[in-house]
Amino acid sequence: MLENRKFIIIGVFCLVGLLYAARLFYLQILDDSYALESSSNSIKRVIEVPYRGQIYDRSGKLMVYNTPVYDLYVTPKRVKIPDTLAFCRMMDITLPEFDSIMNLAKGYSAVKPSVFLRQLSKEDYARIQDALVDYRGFEPVMSSMRTYPAHTMANALGYVSEISKKRLETQETPYYRQGDYVGHNGLEEAYEVDLRGRRGIKYVMQNVRGVDKGSFKNGEFDTAAVAGKNLYTGIDIDVQRYADSLMLNKVGAVIALDPSTGEIITSVSAPTYDPNLLSSRFFSKNYRKLISNPYKPLINRPVMASYRPGSTFKLIQALIAQQQGSLFTSTYYSHAGSPMRCHCRGGNNLRGAVQNSCNPYFYQVFRKYIYHNGNPNTFKASALGLQEWHDHVIKFGIGEKLGVDLPSELRGNLPTVGFYDKAYRGEFRWKFSNIYSLSIGEGELLISPLKLANLAATIANRGWYITPHYVKGIGNMGEGIPEKYKEKHYTDIDPQYYLPVIEGMRMAVAAGTVKKDADINGIDLCGKTGTSQNAKFGHAHDHSIFIGFAPMNNPKIAIAVFVENAGWGGVAAASVAALVAERYLKRKTEATKLNDWLLKQNYMPPLSMLPQPRTSASTPKKPADTATKKVLPKDSLRRPKPMLTLARGNEKLRIKNEE
Amino acid sequence: MARNAEVTRNIDTLTVVLYLGCVLMGWLNVYAAVYSPEEQTHLFDMSTNAGKQLLWIGTSVLLIICVLVIDHKFYDTFAFVFYLFMIGMLLLVMVFGSNINGSRSWFKFGGFSLQPAEFAKVATSLALAKYLDQPGINLTKQKDLLWVGGIIGLPALLIILSNETGSTLVFSSFVIMLYREGLPGWIPLTGITLAVLLILALIVPFKFLFAGIAVLCIVVILLLPRYNRNVRNMVGIGLIGVAMMVTATGVDFFVNKVLQPHQRNRIKVLIDPNVDPLGVGWNVTQAKIAIGSGRLDGKGFLEGTQTKFDFVPEQSTDFIFCTIGEEHGFIGSMVVIMLFMALLSRIVILAEKQRSKFARVYGYCVAGIIFFHVMVNIGMTIGLMPVIGIPLPFFSYGGSSLWSFTILLFIFLKLDSRRTNSLFS
């Protein structure tokens, strides 16, 4: 009987065998979650971030490059810090900062490394390298940081920093991940895709402690990183830095173009800051300081500031009126019959009116233009006339985005018929007498400095422009420029109508509204001044505007200058424009008297004029009154750098009212 | 040469082939488990576990020759002497042994260590065979049962005192042999029921457990033949059901009220690895990932990632099955399981053929021990058994384990060879 129990015993053995076979079948064949877990367990995607493209000026001089820096990684489990306070002092962080970084790292993983400090410079690293021996668990990893050797053009270049949450969520194709670096603002953002290159992905096998154990399947699935393309710009670094120095202690913008190509030669937004400030590991601290600065250095004034163009707009009026046939070279108007005041003697023809910037003259020109359609109803005539005016003015690129290669360009405002209909609550409820301030560029017009520079270029070209742009090559000089930056845009004004206006502009500089010293010998500058009303603060604080080009024939540079609160356009703005044009054309500054005079001028608006944040943590600086103009040391001409150079973590803005 | 032929005569070839298959596969998998793609260690590198395992295999061959050369009567005659010697060793190791992983159960000789507990299984099997070989032994008698319990319990007690819970549990495998030799069927049945109840009490809510027991009782009553379905039997079955419920409640009370929280966790994690995913549960989770990721045909020899990069702990000893599962997939795993099933069946068939009770009892002991090791070891890697640190016979790295299983198996083969010998003599 007992012998039969062997069947039960063998049965039990086989039952267990079958049970295990079924379990293995489930684990290995049916359930594929284990295979996935296995690969996420041991195969890690390692991202190789390529070098970001460098940025060059028009002659191939380096403007932006990458400096090797060190990211310090920490492995919490291995950390041994004998003296935390001394450690924090060495790392230049506070104890609470240290705690929060360590907690973040621990929350990620106790045994895998996470970022402790980013972007330690070679010097910083050298300083702590020896001391790090005493602190276990820290490991440096090579990385790179944007560096700006020319210390200029911060706003137009933009900056590179960690991607924002919003941008991370709104990206169209999912390329970026948390913690990735990305270009913000300026050229860094506009040419992000070219500059960043293509990320490489390497699959490596790691053991349980996160230690690399070689590539997965000999790199079959790896993709190599492709370095970013270099960006060549039309900027002339020498002129740019010279213009920077001229705009010290001033608020405003300088923008210069090569009229034949539309390339931007100089792009100054004053006050500015050293772009290196926003590439260091003190990014957030520096950014906070910049954004709370009352002079708003983060605004890129050439494309983001909107001004009334003032008298510079008379150039367009003269051009479109001639084309319409309501204005001739010989047309003569006196001051009589105009509500506008004027500072000239009166009684000009077209050339003289441009030369002397005669307000009553252009009042009459505009009046004639608006009523040229001959409609007996003045309300209807005004609407028809303004529509015609608008359709011609817009050909100059005014009232819409020009399409410069920056992400932050603003439209400005070119009033339409609808605009006034809305303002006066109904059709035909307004007429010329309501809109005549447009005749001299006041009223509802809003134009950015870039558009005025483009106007200067259009006049310099006698009737066409190429959309202004920074790019002069992607990858190599002259390659990869978008087609839209090669295309000529024609105004519908015949070339011959430009000639009297240009003559007037030349006369304005030689013997008109422009300060005498600004007619620099040998550059043949043509220009038009403007004084944009800023009546809120009295006429002492009108904005000074100048647009022009040089030389008169075969122009090489077109320029627009805005100096806020500097009064007459013929003084500050014209001087800056003349000196910048001279530097570009002659490669040197011979008008030293004008240069020295200008450097001494301080047009910083008093802080009391500026909107203040509700509570300011630091006591506001003593207002620098325009009356107490600061005298700069004479040799500051030769070295604009001291004001611009900013040691890391020691941010001195360019705006300094007192030592 | 003549002597060699004499030694190997009548040794069961199939068992030897199965044995060699296990040992060679074990060796290759130990090599795979410790192989590092960076270092590209050699199969024969003596500094690695694979190289050392080769040494253990070589010495095992020597042991086999010794075992086969010695006369079969020797094992019968000196069974109790071996047993007492092993008891002495177990006592000695508690005093002089080296402390490895918290248990004082190893003798260290230079670079090698030996674990007497592994060899205690062989000695106990021989002693049991010798005791049961006496005429008039009846396993339904209390006196004989007590003796058998004593022979098994004494080494088990000594081993548990040196903190080797896994090796102690192996002694429960003798119940298979005892069942074959006439132990009343209700004893193993009760044991298994208790073990199952203990586990269910921890993972199944009470209402389901009680409902399940009630349903089971009713089913059993309905299955009874009509003539047996009387009041007495039905009350008896009902009482057993109530006893099961009480036991389950008792287990639950003990675990949740008497034990300290950390002890409770250690028990619960045996059932559910997710209780402590980075502690004890880690082993089980990683082992399952390794085996599960092997899919049908595995990742290929030396291509495993989980076992290689230390995700699975103890991968060359207790968790060697993970390497097989990961690198050779379902096919490889089935080969191993079928290998063991074939070996076990062969041993049981051979044991039944024995004419001496001594040899038969010993054969069943061997089958039981190997079965218990295989069931628990593979079961824990695939999440069907709690993590109990015992090796997979012939596969796991380790000299003591390989030696003891080799001796265990080949003594039986020697005894078996006498069966056919005697036919001709």
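Backbone N, Cα and C define each Cβ position, glycine as well.
Feature list (source: TrEMBL):
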- B:12-34: transmembrane segment (TRANSMEM)
- B:54-70: transmembrane segment (TRANSMEM)
- B:77-97: transmembrane segment (TRANSMEM)
- B:145-162: transmembrane segment (TRANSMEM)
- B:183-203: transmembrane segment (TRANSMEM)
- B:209-227: transmembrane segment (TRANSMEM)
- B:234-255: transmembrane segment (TRANSMEM)
- B:330-349: transmembrane segment (TRANSMEM)
- B:361-388: transmembrane segment (TRANSMEM)
- B:394-413: transmembrane segment (TRANSMEM)
Ask   = Which residues of the same chain, at least 6 past either end of the transmembrane segment (B:330-349), have a Cβ under 8 Å from a Cβ in it?
value = 12, 14-15, 18-19, 21-22, 25, 291, 294-298, 321, 324, 363-364, 366-367, 370-371, 374, 378, 393, 395, 409, 412
Stretch contact, the transmembrane segment (B:54-70) with the transmembrane segment (B:209-227), Cβ-Cβ under 8 Å, 3+ pairs = no
Request  = Name the range, of those listed as B:77-97, B:145-162, B:183-203, B:234-255, B:394-413, that has the largest tally of Cβ pairs under 8 Å with the transmembrane segment (B:12-34).
outcome  = B:394-413
Ask   = So which residues does the transmembrane segment (B:234-255) touch in its own chain, when a touch means Cβ under 8 Å and the partner is 6 or more beyond its ends?
value = 193-194, 197-198, 200-202, 206, 209-210, 213-214, 216-217, 220-221, 264, 267-268
Inquiry  = As a test: from B:77-97, B:183-203, B:361-388, B:394-413, pick the stretch that has the greatest number of Cβ pairs under 8 Å with the transmembrane segment (B:145-162).
reply    = B:77-97
Same-chain residues at least 6 beyond the ends of the transmembrane segment (B:77-97) whose Cβ lies under 8 Å from its Cβ atoms = 104-107, 116-117, 119-120, 122-124, 126-127, 129-130, 151, 154-155, 158-159, 161-162
